[in-house]
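Annotated features, as they stand in Swiss-Prot:
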ACT_SITE  His17  active site, proton donor
ACT_SITE  Tyr138  active site, shared with catalytic histidine of dimeric partner
ACT_SITE  Lys142  active site, proton acceptor
SITE      Arg60  site 'Substrate binding'
SITE      Ile105  site 'Substrate binding'
SITE      Asn149  site 'Substrate binding'
SITE      Gln169  site 'Substrate binding'
SITE      Arg182  site 'Substrate binding'
SITE      Arg184  site 'Substrate binding'
SITE      Lys186  site 'Substrate binding'
Amino acid sequence: MAMFYAHALGGYDENLHAFPGISSTVANDVRKYSVVSVYNNKYDIVKDKYMWCYSQVNKRYIGALLPMFECNEYLQIGDPIHDQEGNQISIITYRHKNYYALSGIGYESLDLCLEGVGIHHHVLETGNAVYGKVQHDYSTIKEKAKEMNALSPGPIIDYHVWIGDCICQVTAVDVHGKEIMRMRFKKGAVLPIPNLVKVKLGENDTENLSSTISAAPSR
């Protein structure tokens, strides 16, 4: 029987498969599902739109673009998600408004050791370009890149994840803000909104919500 443990409830286990928000005894490819169910209610997977989700546990970053489904009901972290045959395939983890992520083997992913480095998340505003740790209109960013190109590169100290309606990017910068690395994912996505999926705790439970994030536009 497949077992799933929510990172937000302290369920990270380095001996199990790890995906954003969960550790599990199985590695489910969640890209293959078009319909899922929660407590016998069926929900369609959203087409061509994804949610960038991540956990930060034991100085490890586990992030990925995940499928999501629309649901107007209130779902708890840890609620089971099943396929159409009744097999459990995941649990509730992250939410953005009325959309819930389906965690497992997703699309583009990022697994990092955070020893000595930071990672930051940003909403990429429509029409903006990115250089390193800043976003702005294209002409401003072009000038910024020219300015920074004169500097010698140093060790990476921070990663920046940029989530936009049409494209997602990951950049890495040194101490001067010089861009050292960039990845582009040609998919539109959203970031989870923290604390909208509430956790009911017993009096002897401890709360571990290290997987929640604060996503705000940055300039």
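Cβ coordinates are placed from backbone N, Cα and C, and glycine is handled just like the others.
Distribution of Swiss-Prot features across the structure.
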| residue | record | contacts (Cβ under 8 Å, 6+ apart) |
| --- | --- | --- |
| His17 | active site, proton donor | Ser23, Ser24, Thr25, Val26, Ala27 |
| Arg60 | site 'Substrate binding' | Ala18, Asp111, Leu112, Cys113, Leu114 |
| Ile105 | site 'Substrate binding' | Phe19, Ala27, Asn28, Asp29, Val30, Arg31 |
| Tyr138 | active site, shared with catalytic histidine of dimeric partner | Ala129 |
| Lys142 | active site, proton acceptor | Ala129 |
| Asn149 | site 'Substrate binding' | none |
| Gln169 | site 'Substrate binding' | Leu124, Val130, Val161, Trp162, Arg182, Met183, Arg184, Phe185 |
| Lys186 | site 'Substrate binding' | Cys166, Ile167 |
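Other C-beta atoms found within 10 angstroms of the C-beta of Arg184 (site 'Substrate binding') number 13, with every protein chain shown included. DSSP assigns Arg60 (site 'Substrate binding') to a strand segment in the three-state reduction.
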